[in-house]
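A.B. asks: What follows is a single structure, and I will ask about it in a moment.
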Amino acid sequence: MTDYHRGKEQDTSFLWIKDGVPLPLSVVSVVKRWLFPVLTVVVILILIIVLGATNTKTSNRLMSAEKRISNLSDVIKSLNTSLQRAQETAKEVEKMRFAVENNKDQLISASEALKQMSVVDSLSRSVAMLKCSLDRIVNNSTHTHTHTHTHSQIYQSTHSQLSLSERLSVCPPCVLSCPSGSGVAACCPPGWDQFDFNCYHFSRSSLSWNESRVWCEKNEAHLLILHSDKAWDFVNRRTASSFHWVGLSDWRTGRWEWINQTPYTMERRRWMPGQPDGWSGHGLGHEVEHCAHLHHDGRLNDLHCSTKMRFICQRHSMN
């Protein structure tokens, strides 16, 4: 039985070897012929893929570098612009420095000129006060002709001093314009009080507003006009016990204005509470209250213009 199987297997192997078809030589040669090109192509493809990936990375890096370079270029442009502005600012600062130096010199000159003007003004005031006193002495003199002649000589001597003072009081050359009122201080007529180059008459008689206006004009003056706090204080110290008309009204245009027709700027602190009210229940006619006066406490109030009260006239002092 064993021998039979062995014989059968040998027969089968023999038959398989015998039946197997050997590969032709042409196929082998074809495979050998195309094997190298195929491998070469594969290698080339691999190289292409590798190089492509490398180029992509390189391209990304280049793009990133270009962006950085572009940003740096913008930064450089911005720095250049800032540098130009800084240079322009430096030039402006230099110009301002020169201007400050020039202004400093001008201010020094102006300060010296003002000092000279202060000295001259003080001298002018002293001489003018002496002239005023002598004028009053001459006007009120009741002495003999001899005494009068003596006073006249003193008067002429004082006037010559005053002329010298007037020449000295001319403003020296300076970078500033000479202030108004830098001339000679002078005196006021009898019955008038002097304050800050103005003369003030505080009446004892009572007149209406229009009558007061006419009286002041006949005496080369006008009803009181007040602008400065110093003038207000000066007037209030002399009118604390009675009412006084001032040169303020709204009868002409319906707007409050001074007697010289300059506009009045409303200051509520200068008026009594609730005034001016244009009250019409005064029983003095159909017109409302159009004229202003100073109250006991120095504040303003409006009244009917026909009311009679004291008044204040104002004029420039005489040179």
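Using the three backbone atoms N, Cα and C, a Cβ is placed for every residue, glycine included.
Those TrEMBL annotations? Automatic predictions, nothing curated.
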A.B. asks: Coiled coil per TrEMBL sits at which of 62-103, 104-145, 188-229?
C.D. replies: 62-103
A.B. asks: Are there residues at least 6 beyond the ends of the transmembrane segment (34-54) whose Cβ is under 8 Å from a Cβ of it, and what are they?
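C.D. replies: Residues packing against the transmembrane segment (34-54) from afar: none.
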A.B. asks: DSSP on the domain 'C-type lectin' (195-314): how many residues come out helix, how many strand, how many coil?
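C.D. replies: Summed over the domain 'C-type lectin' (195-314), the classes give 21 helix, 33 strand, 66 coil.
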A.B. asks: Take the coiled coil (62-103) and average the pLDDT across it for me.
C.D. replies: 87
